[in-house]
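Okay, so here's the structure we're looking at.
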Protein chains: 4
Amino acid sequence: MKKALRFFEQTKPVTFKYYKPEKKVLGRTMEQQLRFAACYWHSFVWQGLDPFGGDTFQRPWHAVGGDPMKQAEMKADVAFEMFRLLGIPFFSFHDRDIAPEGATLRESNRNVRKIGEIFEKKMRANKVGLLWGTANLFSNRRFMSGAATNPDPEVFAYAAAQVKNVLELTHELGGKNYVLWGGREGYETLLNTDVGRELDQLGRFLSLVVEHKHKIGFKGMILIEPKPAEPTKHQYDYDVATVYGFLKRYGLEKEVKVNIEQNHALLAGHSFEHEICMAHALGIFGSIDMNRGDDQLGWDTDQFPNNLPQMALAMYHILRAGGFKNGGGLNFDAKVRRQSIDPDDLLAAHADAMDLCARALLIAEKMIDDGELAKQLDARYAGWKGKLGREILGGKVSLAQLAKHVEKNNIEPQPRSGRQEKLEALVNRYI
Amino acid sequence: MKKALRFFEQTKPVTFKYYKPEKKVLGRTMEQQLRFAACYWHSFVWQGLDPFGGDTFQRPWHAVGGDPMKQAEMKADVAFEMFRLLGIPFFSFHDRDIAPEGATLRESNRNVRKIGEIFEKKMRANKVGLLWGTANLFSNRRFMSGAATNPDPEVFAYAAAQVKNVLELTHELGGKNYVLWGGREGYETLLNTDVGRELDQLGRFLSLVVEHKHKIGFKGMILIEPKPAEPTKHQYDYDVATVYGFLKRYGLEKEVKVNIEQNHALLAGHSFEHEICMAHALGIFGSIDMNRGDDQLGWDTDQFPNNLPQMALAMYHILRAGGFKNGGGLNFDAKVRRQSIDPDDLLAAHADAMDLCARALLIAEKMIDDGELAKQLDARYAGWKGKLGREILGGKVSLAQLAKHVEKNNIEPQPRSGRQEKLEALVNRYI
Amino acid sequence: MKKALRFFEQTKPVTFKYYKPEKKVLGRTMEQQLRFAACYWHSFVWQGLDPFGGDTFQRPWHAVGGDPMKQAEMKADVAFEMFRLLGIPFFSFHDRDIAPEGATLRESNRNVRKIGEIFEKKMRANKVGLLWGTANLFSNRRFMSGAATNPDPEVFAYAAAQVKNVLELTHELGGKNYVLWGGREGYETLLNTDVGRELDQLGRFLSLVVEHKHKIGFKGMILIEPKPAEPTKHQYDYDVATVYGFLKRYGLEKEVKVNIEQNHALLAGHSFEHEICMAHALGIFGSIDMNRGDDQLGWDTDQFPNNLPQMALAMYHILRAGGFKNGGGLNFDAKVRRQSIDPDDLLAAHADAMDLCARALLIAEKMIDDGELAKQLDARYAGWKGKLGREILGGKVSLAQLAKHVEKNNIEPQPRSGRQEKLEALVNRYI
Amino acid sequence: MKKALRFFEQTKPVTFKYYKPEKKVLGRTMEQQLRFAACYWHSFVWQGLDPFGGDTFQRPWHAVGGDPMKQAEMKADVAFEMFRLLGIPFFSFHDRDIAPEGATLRESNRNVRKIGEIFEKKMRANKVGLLWGTANLFSNRRFMSGAATNPDPEVFAYAAAQVKNVLELTHELGGKNYVLWGGREGYETLLNTDVGRELDQLGRFLSLVVEHKHKIGFKGMILIEPKPAEPTKHQYDYDVATVYGFLKRYGLEKEVKVNIEQNHALLAGHSFEHEICMAHALGIFGSIDMNRGDDQLGWDTDQFPNNLPQMALAMYHILRAGGFKNGGGLNFDAKVRRQSIDPDDLLAAHADAMDLCARALLIAEKMIDDGELAKQLDARYAGWKGKLGREILGGKVSLAQLAKHVEKNNIEPQPRSGRQEKLEALVNRYI
């Protein structure tokens, strides 16, 4: 524990300007509305590598030649020290983030469980909860051609075994959700890929996970995290709409929700708000990975969020639909830049992001309290509350009847202004 | 008719190097395999406008101040003259392409029907069929905020009336399919848009069209044409996977198929083959719009196809799945560049594209006849034919059983080469 | 004039929350710092067309069959009425925006001059200045293959004649700058393009313009507006760095500056700040076109700016380098969405954008007054003020000497944190 | 050597279908025209890592805990065995590819020189030449904030020392060129970057390299390799046009040329041909990195080339300008996919790429021999050979004179078809 204390220069919990955990916002405390989580991988596992460069961080627990389990413990010490300093209520992890891979899966699982026991104590001691757990089914070379969608069924079985372990650990640690990100469930070239078959494999896998969840009594959500590509050329869970179709295809649309990430939305050609709204419209909104991509770059930069108006709109759409439910939350799937090598850069990045999210929440609260945006939206569709609108949506009129109606009444609808600029200015008034 | 004859310099039917309509390829004639169609809009309606420039083509039927119906007839003369010179078996059109809009919908529809009568004769005389008809629900300002998804239900009704007219005309002309491209079914900003409501409107609209199709006995396919954006910021029919989810949501996945365009695939972040394979995997492949986008540009350039290896792969995936069925075909949704102002540029562009498609077909035939690509694909998934694979996909084993299996047998799957470079070289051997 | 008054519902000058023309910011008034201009084309010429739809605005001066010169006058009335209501100090125009094209260039030029006379009176009466004039060398079909870079030298001559007329009018109206946007100076395909020859043509053209400027005594800047593509596949004035190389090639880097547009920066794969900083670094910063593109779309959307943090950073980089000089300013090259059909949408869009720019200016002022950003930047490069740094940049040491220095002193430089997250949080503190 | 022999299954030199080294093409042998090189890094250094996954290749010389110099020798054995099997005339390397980094730069340099000696023998024995050498100034954390553009001048000095060593080794090995790829010469955020200062640093660095080249008598080209981004957000050597401007700024445009990569062109928003043509137009074409990116992905995939028509056009533009000169060549900066884990995948990928390049060369030869493309290009610009054209480009006429000419003669230029589709079809005829 002392080692952890010495990692960060800062020793006292950070203070915030906007984030007041106990402050009420739209009927819940800020802590309840935001449900912040820090992720294990970016902050404690990543060494600062990029495709053209090596370790810049040189964290003590990455020292070459060290005892992997000891290093895992040191890492856990530092991680919980950061959670304590931030006063962050949740965290999230992959199995491979927290414990080293062993010679066999049995040993790997044992390592994971061992750290899980340490977590259990630290979580209780620090009042930190687990937002979600997940299995890393993409880093090891055995998964290079996919996990559930691998051409080798033994890889499917291996992945299943790994998920079982993490799902159960997540359950035991009181985890709120379990996430599946299909990093290798996709293809590099259609020349060696049977898309239909692989989708069936993926559907089967997900069904097995859902069955097991019920069997062990896990009440949290099963979440799929959409991403269009990277590392694969194409990832099957491309975006929210694609995941929805997939869930419908395999009859899982009531069992599984989505965990939406800003940067993944961007890579799929969407805004963050788009994915949030689409998930709500389709009834599969679950949780979010708050970060940001770079508008000019074509890969997952996973930066800490910093564009206040965009964040406020994301929060607005979440709050409009009732906020996080069923255990969803806001996970910082973000990493400090590889040049931010000071330990306290980690701390500051999280603290500033939390504060900015709180600020965005307060702006979203104003938008909702004021009600003008919602009022204008309702007014725009008011026509659909009339007789014709209700008949159409109620399935009371046929194409032929509608045609007759138009011709008979010589209907010539007149367009009305969409008022986009005024609405955008209205949003800026809340900032 | 004389006017049309004078439009093109060339007066004799074009000759082809590869396209031999009667030549047999994989059990059908080339004509039957390719089912070429020319589209009305790009060749005869577009004046060469782009966002920064005006009419470059100055077609005689676009002369300002002319009698619109006379001009429509002149246009039809030239169009059928082009079909004749090309020996192309099909064409496609929007209602507004072929006849001028009148003061009322009734008058507009009447205009469309009048040209429809002319078509009927010309089609018989020239042995040209209609691949598909469609309604233009995007150009007039009444549709600026959507047709089916408009905030005004009267616009929905108007659109319904317009579709009824074209669907019936398509049926009467022996059209093989009816297409819906939702150019304005999307949004410019989420600030004025209720996505869930609009999707319901769109689902209702499509259901009405399907009902009417059955009512009038139209046997052709109803096709949705996916596109991610442009003119809207977001289009609901984003890509094949999104359309599939939409169809499932509204119970229409057995009634409606997709018409896939290369350029639209590109804009959605996919390859053409991806969209074709995905549609086959999901059981909704219908027809294609053959063209190409520009890899460096972010808008719909609708150029004539010219990349032979890419075209061959597209044809391969279509043939592998049995070729065009249920009336699908290959529509050239392509326009000559606005600098290609000579009438004969139109002719040459189509003729060269047809020939190149034929060449791509012959290459695809070789790939299939040789069988090596298919053999290697099957070999890659061979493991799934074993006991474990069959049990997994057959739903015979649980997550816990798989975990046990892995741990008990100490399974450590060994990856095998994906052989991508070798497969790519194999493809090039056929070219 | 009465007609103009009736166009907008609002009759009293708009009021602003942040924009106080007389308020001092960093030693100049807000009006002097911002130098706002409204552009003629988007607001008064564009009819709401997009590649798939027609006129949505139906402005009275666009009525088919009207007298073009009368319509041009009506348009001018409305334009100046908008300038008056906004209290905007400048405007900008193309020759073809303000007056109709005649049967010959002589007539066209005469039309332009006639409206120029009207402008002259209105400008004096309303105290509105001209930020810049420019010639439309891209809309007419004669320019379809370029103006200066056309394969036909007569088109070059025609373009030269047109520029001469507008440059002189700009001078006479007291215009502050003259802009060249090479919309068609590029190519659609390299197959029909001789890039080297066309660059020489373009260099020659620009030299002629510069010579003429001096000849007539015009003191304003000649500005090139970079854009990478659209309408062409490739535009020679791709981005700031490319324009710099072009100017150097033809010895014009001291004569010509750049007018930078946010949306063009985005299309070139850059942030707005990047282009601003690069222009300052290369000594060619001139003026800006303030607007915004859509991060998800691949074309020029020319929306009104609305992202406050991004705008504040742009203003910061401009102010840091001393603000607008030599007559540069901030032109709203922005258009209301085609669904924003109410006349007052135009007014509101400009007013809100002006106010937001003022707000961004105030934030930038805070950044500069506080000085923390600048201080941290200086500190980062402090090493270069030392002996080694000065010797290197002063050209005092050779490669061999540096190598010796490193080997002899066993130099192993230690990296320091780039502090990106902390700097981003610092920026957000000013907002 | 035996170890190397055992690495590949194949033991006999590969045979080619199209690549016949001695066959004459346009006056030179194929070997002379193509000047193929294999690169060291992708094939022998990369372990198969991507941002989400680890080592898939498990090459024997990457075994953890081995003796680094022994491993470097084993790697060299395998590399030259591959060169032998391919019959490839050249290779290329970074210093860090071939030898391990030592505790000091002196030791690192010594390691490099030691392997250099081994190379010297192997090159002679196998008749393999060095196309170019280069220094890795991006992987080590000391370069995380740039090499020449680092805020710390000691990093500049360190980089200089490293380049000196490799430049001299390159010279001694008879290397044909020396390449500089500024992987970290750019920025992550403008907030901590002084662009102008960094450009000056970069200019100084390049000048030092050029001076040293002359000092040691190295006759090969100094080449800059443009790339817009990745790993940095922005790289100063963005594209060919940007590099040209940079060279002009620092007076180096006659000393330095460019090494153009297909994938880098793509990332900068250009086609490969564009960059080749632009470099020729600006007089700085040097050499190429032949590979390909993925049209749908936003990062450097460095795949082996496989699109024959695109490759043929690239070769056409190179041949049209006289082919490789001054020692330039065609380097395969390409890597097998990380799933292509069989050693012989490496061999096959190179062999197939060489054969496809040869095929592209033969097609380009046809295009040139036939002359139709060139003829049509010349015809398009024929007008510039007339009096007006010559006067304009000769600087004989002013803007005012041109205006007078147009008005007096009532000039109204008539556009001519750009014939793009016909030219594209013409290209396809050669394939």
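Using N, Cα and C of the backbone, Cβ positions are placed for all residues, glycine too.
Curation does not apply to TrEMBL; its annotations are automatic.
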Recorded Mg(2+) 1 site member, picked from B:Glu225, B:Glu230, B:Glu365, that accompanies B:Glu261, B:Asp289, B:Asp333 in TrEMBL: B:Glu225
Additional residues around Mg(2+) 1, ordered along the sequence, whose Cβ is within 8 Å of the centroid of B:Glu225, B:Glu261, B:Asp289, B:Asp333: B:Trp181, B:Lys227, B:Asn259, B:Ile260, B:Gln262, B:Asn263, B:His264, B:Ile288, B:Asn291, B:Asn331
Position of peak Cβ density within 10 Å, selected from the recorded positions B:His94, B:His264: B:His264
Cα-Cα distance linking B:His264 (Mg(2+) 2 binding site) and B:Asp289 (Mg(2+) 1 binding site), given in Å to the nearest integer: 9
Listed recorded positions among B:His94, B:Asp97, B:His264, B:Asp300, B:Asp302 whose Cα sits within 10 Å of B:Asp333 (Mg(2+) 1 binding site): B:Asp302
Cα-Cα distance linking B:Glu225 (Mg(2+) 1 binding site) and B:His94 (active site), given in Å to the nearest integer: 14
Extra residues within 8 Å (Cβ to Cβ centroid of B:Glu261, B:His264, B:Asp300, B:Asp302), Mg(2+) 2: B:Lys227, B:Gln262, B:Asn263, B:Leu266, B:Leu267, B:Asp289, B:Asn291, B:Gly293, B:Thr301, B:Asp333
Residues near B:Asp97 (active site) in space but at least six apart in sequence (CB under 8 A): B:Tyr40, B:Trp41, B:Phe44, B:Val45, B:Asn136
Residues that sit under 8 angstroms from B:Asp302 (Mg(2+) 2 binding site) by C-beta distance, when 6+ apart in the chain: B:His42, B:Asn263, B:Asn291, B:Gly293, B:Asp333, B:Ala334, B:Lys335
Listed in sequence order, residues with CB under 8 A of B:Glu261 (Mg(2+) 1 binding site) and six or more positions away: B:Glu225, B:Pro226, B:Lys227, B:Ile288, B:Asp289, B:Asn291, B:Asp333
Surrounding CB atoms that lie within 10 Å of the CB of B:Asp289 (Mg(2+) 1 binding site), all protein chains: 26
DSSP state at B:Asp97 (active site), helix/strand/coil: helix
Where B:His264 (Mg(2+) 2 binding site) falls in three-state DSSP terms: helix
Cβ packing number for B:Glu225 (Mg(2+) 1 binding site), 10 Å threshold: 25
Neighbour count (Cβ, 10 Å) for B:Asp333 (Mg(2+) 1 binding site): 25
Local Cβ density at B:Asp300 (Mg(2+) 2 binding site) - other Cβ atoms counted within 10 Å: 23
